[in-house]
Amino acid sequence: MAFLIENAIDNHSLLAIQDAVADSSLYQDGKLTAGKSARQVKQNLQADPEAAAILGVKQKIETALASHPLLKRAVYPQRFAKIIISRYQPGMEYGAHIDEACIDNTRTDIAFTLFLSDPDTYSGGELEIHKSDGIEQIKLPAGSAYVYSADTIHRVTPVTAGERFAAIGWIQSKIRLAAHRQTLFDLSQALELLPRNEQNTAARLNILKVKSNLERLWCD
């Protein structure tokens, strides 16, 4: 399952985050945290994860996403593995790769990219998702996030002008299997579509019962 969260961060928080990540002194070579397979294709800068300003940024992002209704329904977040602030300048890119299965002793079920730069401030830098039916390019407004399965091959195309800032993170789900998460999400959507009235009370209760019983079966 892959989906878009528009305005994942409120405008006040977004402006504060953009101001914090603009400090050039915070950045180091992105290869320092890349996995073995990704190190050869990673060409970007990454903010010092222990810098006070970046700790505050990561907390804002985690709080906003963890409480977002769509992410809660689709992902069942258990814990965030890591959030990285990346910076791409002209000529930088991140070649096709797949994320590590475990980061900081946490299983990476879901990945997300939260765009922090407005798309008209840089050229290139699309997030490319490799799917069975082709390649999808994503370039979203600042404050919007793209959420996708962490086992997906993906890349960031070369930035040719301007600068691209983004937050990348990983989530361990309470529901291990993607197919199970999709089933639970479909049931949630069915409940949303079924009007709340006396006529539908029994149907809604039965759907909720099925959903709850599946959660008991599948929750870690």
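Yeah, the Cβs are placed from backbone N, Cα and C, and that goes for glycine too.
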Where TrEMBL shows HIS97, ASP99 binding Fe cation, which of HIS68, HIS130, HIS154 is named for the same site?
HIS154
Ordered by sequence, the long-range same-chain Cβ contacts of ARG164 (2-oxoglutarate binding site) under 8 Å (at least 6 apart) are SER86, ARG87, TYR88, SER117, TYR122, GLY124, GLY125, VAL156
Could you give me the DSSP helix, strand and coil counts for the domain 'Fe2OG dioxygenase' (79-173)?
3 helix, 60 strand, 32 coil
